[in-house]
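First the structure, in the form of structure tokens, and then the observations on it.
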Amino acid sequence: MEISNETSFSPFFLLSLADTPYLKAFSILLFLIMYILALSANALLIFVVRINLRLRTPMYFFLSNLSIIDISLSSSIVPKLIIITITQDTRISRLDCALQMFFHSALIASECIILAVMAYDRYVAICKPLHYNTITNKRFCISMAAACWALGCINSSIHVPYTLQLPFCRSRYVNHFFCEIPVIFRLSCQDTWLHELSMYISACTLGLSAFILTLFSYAYIISTILKIHSIEGRHKAFSTCVSHLTVVFLYYGPVMFMYLRPHSTKSPSTEKIASIIYTVVTPMLNPIIYSIRNKDIKATIQGTLNKKSQIV
């Protein structure tokens, strides 16, 4: 009990990206480039959707929400990581650690749900086109987006206080780049099986359920696309679906690896790689994947650039 009281307000210590000057400089540059790309690409996607009236559709509304989530997810991790690597001051206060865990947990849950909603949107558009405007009306879109954010915040509000009330008497050195709930569990001198069980239940309820719903939606979508006689229509439908499925698997792979594996099989090195993929790499690639295969987005960007060049 004395140990718990002694460390209740003590900071944690995170890992920096590297220790040697050359590796540190390379790591900072690499993460800074990826972070700037993630911010600029997602911000550009949101801007394009806002300025083009043709893109004021449910699909692009949800895509804008995905971009906001990706910007927030990278911003909750990367700036602090770069700062501690530059300064070599790896301390993070309990409050900052709690905020990092809260936003990180909320955002990954929200992204799981928004990807499922986007899959449902494509299902209605392709499988029930005559009812699309009726089903995915403005009220539906706003309600679904609000539900995604609300469920993410509720999920964090349950798990983060539950995690921080644990007694941490083993070590305050976190073998990770940021405060993540599964990693913080290992610092506790208390048996955390109940906490881990609640995390698995939450991950299955939100993440795995959303993933299964996404797969079911695309099973119906693909079966409907194969029945389309027009080659052009089939290609257009497949084009949108391929982009979304690429994003889904790119995101869910490392997230499931991190949160749904048994505790005994967890490796700190592989966890770091998985976390970097879904907090830095995926937010950077998502808008690029959608833009490359989307003629409307590319046309809007090209048109904006042409107007600016004419003004200059």
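For all residues, glycine too, the Cβ spot is worked out from N, Cα and C.
Given the structure is predicted, the values throughout are model-derived calculations rather than measurements.
As annotated by TrEMBL, domain 'G-protein coupled receptors family 1 profile' applies to 41-290. Annotation comment: TrEMBL describes 25-48, 60-86, 98-120, 140-158, 200-221, 242-261, 273-292 as transmembrane segment.
Segment contact holds for the transmembrane segment (200-221) and the transmembrane segment (98-120), given three or more CB pairs below 8 angstroms at sequence separation of 6 or more. Mean pLDDT across the domain 'G-protein coupled receptors family 1 profile' (41-290) comes to 87 in this model.
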